[in-house]
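K.L.:
The structure's right below; bear with me while I get my questions together.
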Amino acid sequence: ALEPFSVGLAIGVASALTGYLSHPRFYCRYVECCPGAEHRLNATALKAQLDTKLFGQHLAKDVVLRAVLGFQSNPSPKKPLTFSLHGWAGTGKNFLSQILAEHIHPAGLRSKFVHLFLATLHFPHHSQLHIYQEQLKNWIRGNVSACPQSVFIFDEMDKMHLGLIDAIKPFLDYYEEVDGVSYRKAIFIFLSNAGGDLINKAAFDFWTSGKQREDIQLKDLEPILSVGVYNNKNSGLWHSSLIDRNLIDYFVPFLPLEHKHVKMCVRAEMVARGYAVDEKVVQAVTNEMTFFPKEQRIYSDKGCKTVQAKLDIHEDV
C-alpha cells in the first residue's frame, strides 16, 4: 500500500508538471497561439524589411507602416483596420501583405490566423453567390472568435463577383460586437489591379511635369482611386457599401516600377538564390522586360512579376 505522503507527493508533482506544460509560455513555443493584447509589432524590424525588400513604393510602405503601428498601439480601436491595395501586377501588393502578415503572425500565410482568399479559386461560380456569402461570413465569424487579431487577405478583388464582399460589411463597421463577437482587432486587406491605370497616369503626369516620384503623396491619388474603384464594375467594389459607409480606411496606390526598381528586384532575387550580384546579368534581365509608354519606356508593364522566370535562363552565368 502506498503511504499518504507518497501519494500526495506524486499528485503534487503531476499537478505541477501539468501546470508547467500547459502554461502559455511553454505551450506556445510548440503550438501557434493567438497573440495576446500585450503583443506589439517590432516596428524597426518591419520597416527594415519593407525598406530592403519592397522597391519603388514609398507611399505604400509609409501608409501601411504608420497605420498598422497606430492600430496596434490603440487598446480599443473602434473598427477593424481595412486596407485596399491597388496597382498593376508585379508592383508588390501581395509581397507587402505577406510581409505584414509575418510580422503579426510569424508563420505568415501558413498561420492558422492568416486567411487568404483568391476570387477565382474560392468563389468561382456566380450562380453560388449567396452560398459564398454565407460561407464567408461563417468563416470570418469563426476565426475571429478563435483569434481577435486574425488577418484576412482578399486577392483578385477585380475578379470578385459583384456584391459578394458586401456580405462582410457588418464585420468592418463601427459595432462593438456583432452577434457576440468583436471584430475590432482584426485586419482586412483587399488586393486589386483595378485603379492601376489611374495610378499609372498620375505617376506619368508627375514625370512629364518634372516632379520627383517621391513627391507623390497619398492625397494626390486616394480620392481619385476611391471614386474610380467605386465606379468600376470590374473592381469587386462597384457601388459597394464598404465605400459608401467609409469602411475602407486606406486606399493604397502601388506605383508603376521604373528600370531602377526592376534592377533592385533582380539583385534581391540573385542574393536570395545565393548568387554573387553580377551587374551584367542584372542589365540583361532588365533588358528582357517590356516598358511603357512605348516612346519613353519608363515603367515596367509587369512590374517585377517575371523577374524570377527571366533570371532562370541566366542561371548558368
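Including glycine, each Cβ sits where the backbone N, Cα and C put it.
Residues or ranges marked as ATP binding site in TrEMBL: Gly87, Trp88, Ala89, Gly90, Thr91, Gly92, Lys93, Asn94. Per TrEMBL, domain 'Torsin-1A C-terminal' is recorded for 257-312.
Give me the local environment of each listed feature.
P.N.:
Around the Cβ of Trp88 (ATP binding site), the same chain contributes Asn193, Gly196, Ile199, Asn200, Phe254, Pro256, Asp301, Lys302, Gly303, each under 8 angstroms and 6 or more positions distant in sequence.
Mean pLDDT for the domain 'Torsin-1A C-terminal' (257-312) in the predicted structure: 95.
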K.L.:
Let me know how many other Cβ atoms fall within 10 Å of the Cβ of Asn94 (ATP binding site).
P.N.:
18
K.L.:
What are the other residues, in sequence order, whose C-beta lies within 8 angstroms of the center of the C-beta atoms of Gly87, Trp88, Ala89, Gly90, Thr91, Gly92, Lys93, Asn94 at the ATP site?
P.N.:
Phe95, Asn193, Phe254, Gly303, Lys305
K.L.:
Taking the Cβ of Gly90 (ATP binding site) as centre, how many other Cβ atoms lie within 10 Å?
P.N.:
22
K.L.:
Mind giving me a neighbour count for Gly92 (ATP binding site)? Other Cβ atoms within 10 Å of its Cβ, every protein chain shown.
P.N.:
26
